[in-house]
Amino acid sequence: IIALLIARTIFQQLADPATQYLTIGIICAVLSVLPLFWCVFGTIRRAKAVADLHPAEMEPVTMPMREQLRLVFTNRPFLLVVGIYLCSWFSLQLTAAIIPYFVVSYMGMKQADSPLVILAVQGTALGMLSVWNAISQKVGKKVVYFVGTSVWIVAQLGLYSLQPGQTTMMYVFAVMAGLGVSTAYLVPWSMLPDVIELDELRTGQRREGIFYSFMVFLQKICLGLAVAGVLQSLEWTGYRLPTAAVPIPDQPVAVLDAIRLSIGPVPTLSLICGLVCAYFYPITREMHQQILLQLQERREQNSGGSEK
């Protein structure tokens, strides 16, 4: 959200597109790197304290890496969470990548309006996180994902059906999309600890690192595929680049159709695949409680045995 506000400010202050994006890149790069150092150096004391308090949990995993990967890829609940995450984030990244072209080339708005549309999506998603979390405590994560994603699908199809000049409806659909995007932020990451605990119950070892690193790796793949797909489709259909003389050139019909497909049917199809994965996700609230109970019993037995 901060990056969007920065982008909007720079678009308003600088006229040259190359200078705009160079400035945005430098500022966002600095702001992105600093928190990494903060996370490392700000948690050293905490990490040492946890290691001293729970030495057993800090023991390295003794299982060979090949065996770890085999167990990960045969863990059906994890594969379904990966499917949910992959489909949701592909739709999210594709929509985020195409919105600037949709707003400017199709809707006929200014470049500075693009961050506002993305802000409507991301701001709504951020504001709804706590709401969806509270609802999931009562009805379950799968129900929340189904409801949020269904609203998201309606929003994507609504954006696809828009005509130039329907600015108000565009923002309405952007807010609706944010309702669904919020569940994409919340649900897969809240399902992952359940999968890790099931893996611990089966193997006797906690392996958060391999699960979380794989999820983050998938996020980068989604981002790369979405951006590359958008740019390639625009190139194939004959996208006309802005120039100093013509900052917002008229685009061929094929380009406008590619933009609309990228903001409507394509992400919708991906979201439907995510719903299918969520439908078959097997870990219910009751099953998760049973997993926690069995893990607690095992820990008590291990602690009792070590004391003897």
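Using the three backbone atoms N, Cα and C, a Cβ is placed for every residue, glycine included.
Copied over from TrEMBL:
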type	residues	note
TRANSMEM	21-41	transmembrane segment
TRANSMEM	78-104	transmembrane segment
TRANSMEM	116-136	transmembrane segment
TRANSMEM	143-162	transmembrane segment
TRANSMEM	168-188	transmembrane segment
TRANSMEM	209-231	transmembrane segment
TRANSMEM	259-281	transmembrane segment
Seg_contact(the transmembrane segment (209-231), the transmembrane segment (78-104)) with at least 3 CB pairs under 8 angstroms, min sep 6: yes
Other same-chain positions with a Cβ less than 8 Å from the transmembrane segment (78-104) and lying at least 6 residues past its termini are 72, 110-111, 113-114, 117-118, 121, 145, 149, 152, 156, 159, 170, 177, 181, 183-184, 187-188, 191-192, 195, 199, 211, 214-215, 218-219, 221-223, 225-227, 229-230, 234, 248, 259-260, 262-263, 266-268, 270-271, 273-274, 276-278, 280-282
Quick tally over 143-162, 168-188, 259-281 of CB pairs under 8 Å to the transmembrane segment (116-136) gives the top stretch as 168-188
